[in-house]
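Working notes, structure below.
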Amino acid sequence: MFKAVTEFFRPKATRTLHYAHLKNNTHPTWYKDSGLRKNVWHCVGFYFAVFYLGFDASLMNGLQAIPQWEEYFNYPSGNTLGLISASLFLPAIVTPFAASWINGLWGRKWCLAVGSVLLILGAFLNAFAKNIGTFIGGRVIIGAAGPFGKITGIALLQELAHPRLRPYVATAYYSNYYVGQIVAAWFCYGTLSWPDTEWRWRAPCLFQAFAPAVVLVHLLFVPESPRWLIDHDRSEEALKVLADEHANGDLNDELVRYEFDEICQALQLKKESNNAKYSDFLKTPGNRRRLLVLVTMGTGSNWVGNGIIAYYLSPALKLVGITSSSAIAGINGGMAIWSLMWAYAGAMSAERLGRRTLWITGTVGMCVAYTIITGLSGSFAENPSHGVGIAVVPTMYLFKTFYCISWSPLPFAYGAEILPYNLRLKGLSIELSVQSVALAFNQWVNPVALEAIAWKYYIVYIAVIAMYLVLILFFFPETRNMTIEEVSVLFDTGRKGDAAAATSKFHNNKSKMEDMLDDGDDADKEPTVSQVERA
């Protein structure tokens, strides 16, 4: 894990990247270059856009342990408690599509701002709720607002990041779910020592406003997406953004010129982007493969068994005789920290080891771990043994290790890079909407199934994990060492994709477009670098 984390800090500026021959006005080591430090800061600020989801996951568990919250809302249970939990995810089934529309019309920054304001409003409603209806209403607003930041943050991050750093900062994006989880878990734990007051539960709810407030402030310092600017006839601004973010302001930098021309040509080839529809995902074999991968990631991120460990750890542990509240709390808190460590390790390894390698390794490991958990739980049910019950705990940690190196950091980063610009936000909206359906489903079905068939329910997940492994083996291509524009055509080169063919296909299309611009009237076309310079 140490090697994986330090990979981000190694001094080599070039590896096997096809653009390594291009001169770039930056230091080979990013943290020794003021421009790249600024670029990393701009990207890392978007991590707060997913902080809220992890915070809420621990918040609901924490609130149920605070007597003042239970008493204030008349000890909610059953359907009421289920509604409180699911209310965060149900509106997120629809709002990703509204976020996609705002992104296309007003830009990435405005969409993030709208989502952040709504998140702050929801946090205040939660914190100052006078009844259960107001509390649920606040969670509905938070759930509706979340997708505005969740999908826009990763899209803008992917489009601003220096190509040398993009694989690392992008795959680390969703890992910050666990930062929110850790903060909420220990915040709620800390309030138990406060005086007997309603602020034991109101303060953690109010703290939900922290992350979106940070995002709002951050937006004052970051530029708009250069791809969005070019797509909206603001090419000179886009060139300046690329130069500032990737070359310390050098407009004539070879890498910047290459990127700018690449984006212009990609958008020219996708000129129909203004008329892009969700139905486009069904029109070509490449788009249908993209849709399959998006749905696989959206459902799989919650249906590979992690839902039980993340949201219903307590009943799962009670099945093997671990009933102490302090023991369960300790296991939960420790698992959050453990998960964060391995999620970052996976994120930092994505470019060196490859996305596909992490997908396969993580999913195989999860299947093995779940099989062991099932066997131990079944053995305990037949012959209760303290040793067998304790053995389940490290196996759960093992499962989280494999989940966190793959299914935690990859889904949204991988989803953003496999989609062409014209379908990027629409595709991420589909993925997040599907994920929200899967989450809502988990919130209701898992506790019912655990109560009905206990440990035998785990067998279902073993079969489901195996199914996802087959899908990964046949439909998830490798994307490392490629620019985001080249990755966007990868799915058009065969079922599993071919990196060399994708690179060749993109640049052949680019050459054809350049010939067309040279031969025809290009007055209404997106300008290349040379055209901007002439202007």
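Cβ coordinates come from backbone N, Cα and C, glycine included.
Marked as transmembrane segment by TrEMBL: 40-60 (among others). A Cβ distance under 8 Å defines the sequence-distant neighbours of the transmembrane segment (40-60), meaning residues of its chain 6+ beyond its ends; these are 30-31, 84-85, 88, 112, 115, 119, 142, 146, 149-150, 152-154, 156-157, 160-161, 165, 169-170, 172-174, 176-185, 188, 204-205, 207-208, 211-212, 214-215, 218, 221-223, 245, 310-311, 332, 336.
Under the heading domain 'Major facilitator superfamily (MFS) profile', TrEMBL lists 42-480.
Residues annotated as transmembrane segment in TrEMBL: 80-98 (among others). Long-range neighbours of the transmembrane segment (80-98) within the same chain, counting only residues 6 or more positions beyond its ends whose Cβ lies under 8 Å from a Cβ of the stretch, are 56, 60, 64, 132, 135-136, 139-140, 142-148, 151, 311, 428-430, 432-433, 436-437, 439-440, 443-444.
Taken from TrEMBL, the feature transmembrane segment applies to 110-129 (among others).
Per TrEMBL, transmembrane segment is recorded for 135-157 (among others).
The feature transmembrane segment is assigned by TrEMBL to 177-195 (among others). Counting only same-chain residues 6+ beyond the ends of the transmembrane segment (177-195), those with a CB under 8 A from a CB of the stretch are 47, 50-59, 61-63, 65-66, 201, 203-204, 207, 211, 329, 332-333, 336-337, 339-340, 343, 404, 408.
The transmembrane segment feature in TrEMBL is assigned to 201-222 (among others). Taking Cβ pairs closer than 8 Å, the transmembrane segment (201-222) reaches residues 42, 45-46, 48-49, 51-52, 55-56, 59, 62-63, 66, 68-69, 72, 109, 112-113, 115-117, 119-120, 122-124, 126-129, 138, 142, 145, 149, 153, 156, 160, 180, 183-184, 187-188, 191 in its own chain, all 6 or more past its ends.
For 291-313 (among others), the entry in TrEMBL reads transmembrane segment. If you look at the transmembrane segment (291-313), the same-chain residues 6 or more away from its ends with a CB under 8 A from one of its CBs are 57, 61, 85, 281-282, 328, 331-332, 335, 363, 366, 370, 396, 399-400, 403, 407-408, 410-412, 414-415, 418, 427, 430-435, 437-439, 441-443, 446-447, 450, 458, 461, 464-465, 468, 471-472, 475-476, 491.
Annotated transmembrane segment per TrEMBL: 319-345 (among others), in sequence order.
For the transmembrane segment (357-377), same-chain residues at least 6 beyond its ends with a Cβ under 8 Å from one of its own Cβ atoms are 304-305, 319-320, 346, 349-350, 388-389, 391-392, 395-396, 398-399, 401-403, 405-407, 410, 454-455, 458-459, 461-462, 465-466, 468-469, 472-473, 476, 478. Here TrEMBL flags 357-377 (among others) as transmembrane segment.
Annotation comment: TrEMBL describes 457-476 (among others) as transmembrane segment. Beyond its flanks by at least six residues, the transmembrane segment (457-476) meets 289, 292-293, 296, 300, 303-305, 308, 355-356, 359-360, 363-364, 366-367, 370-371, 373-374, 377, 414, 446, 449-450, 495-496 of its own chain at Cβ-Cβ distances under 8 Å.
Taken from TrEMBL, the feature region 'Disordered' covers 509-535.
Residues 1, 4-5, 58, 61, 65, 172, 174-175, 177-179, 181-182, 185-186, 189, 309, 313, 376-377, 380-381, 384, 386, 388-390, 392-393, 396-397, 400-401, 403-405, 408-409, 450, 454-455 of the same chain, all 6+ positions outside the transmembrane segment (319-345), place their C-beta atoms under 8 angstroms from a C-beta of that stretch.
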